[in-house]
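Below is one structure, written out as structure tokens, with a few remarks after it.
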Amino acid sequence: MKIVLFGPPGAGKGTQAKSISNRYSIPHISTGDIFRKNISENTPLGVEAKKYIDKGQLVPDEVTINMVKDRLQEEDCQNGYLLDGFPRTVFQAESLHDFLQERNEVLDTALLIQVPGEFILERMTGRRVCPSCGASYHIKFNPPLEKGKCDVCGSDVIQRKDDSEETVQERLTVYENQTQPLIEFYKKEGLLEVVDGTQAINEVFESICDILGSE
Ligand code: AP5
Ligand code: MG
Ligand code: ZN
């Protein structure tokens, strides 16, 4: 199963991706997580990406697309994958389409988690993330079992630098201008599915499973 997951910042992509990846046994590939790992390791890719991420802007397409293509050619992607946060521009979507076509492959579903802007700020400012395994929590909506510790791996959870109010606003604007056009793109391809992301976390997951079926 090959799935694209998209939606505004804070829609719950990362939260749902963890569950989808477990349920359907496919790797969860988050471009945001890959960039953050490179930033923490201070790699050349990380140094480049940080310039954009800290401002809430998109990392340039050519950097992002090459990184994803490399990742998709790894062994664990042979039976499918879940892309979280990629594509994020129409150019990225076209590049993914061409990449798949060259390999005689197709996407199964492009899943939009829809959440109106007024929900986003509270979600982002209350978010805590695990720097080791990428798990995402919320101080009110989804707190870790032990305060400040990741349920999965026990690391101390932290606040993402780009979750400040100002940067969140910029990320929302970037989403509207550059990522929202993907709705039309995937509608035309006949792949678009929409989930109401304002429901509780487990309800969103149930809606997603209804769409993806019991493969
Ligand atoms: P990325 O890491 O992908 O950030 P994003 O798209 O802004 O999305 P988030 O990770 O902030 O939100 P999410 O939807 O995963 O929500 P989450 O599940 O954590 O990208 C970061 C940056 O990297 C970008 O700004 C860009 O610079 C760069 N980048 C990445 N990909 C790129 C690309 N393809 N091209 C160019 N640049 C790229 O949930 C949020 C919070 O809400 C959590 O606290 C969670 O617990 C809570 N929550 C989740 N669901 C619910 C619910 N149903 N009810 C209540 N609370 C909920
Ligand atoms: Mg995320
Ligand atoms: Zn963890």
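Cβ atoms here come from the backbone N, Cα and C positions, even for glycine.
Any TrEMBL annotation is an automated prediction that lacks curation.
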According to TrEMBL, which candidate in R103, R123, R160 joins T31, R36, Q57, L58, V59, G85, F86, P87, R88, Q92, R171 at the AMP site: R160
Folded-back contacts onto the domain 'Adenylate kinase active site lid' (127-162), same chain, C-beta under 8 angstroms, at least six residues removed: 10, 14-15, 18, 30, 33, 36, 40, 53-54, 56, 168, 171, 201
Whole-number Å value of the largest CA-CA distance among G10, A11, G12, K13, G14, T15, R127, S136, Y137, Q199, listed as ATP-binding: 17
Distance check against C130 (Zn(2+) binding site) for the binding-site residues G10, G14, T31, Q57, V59, keeping those with Cα within 10 Å: none
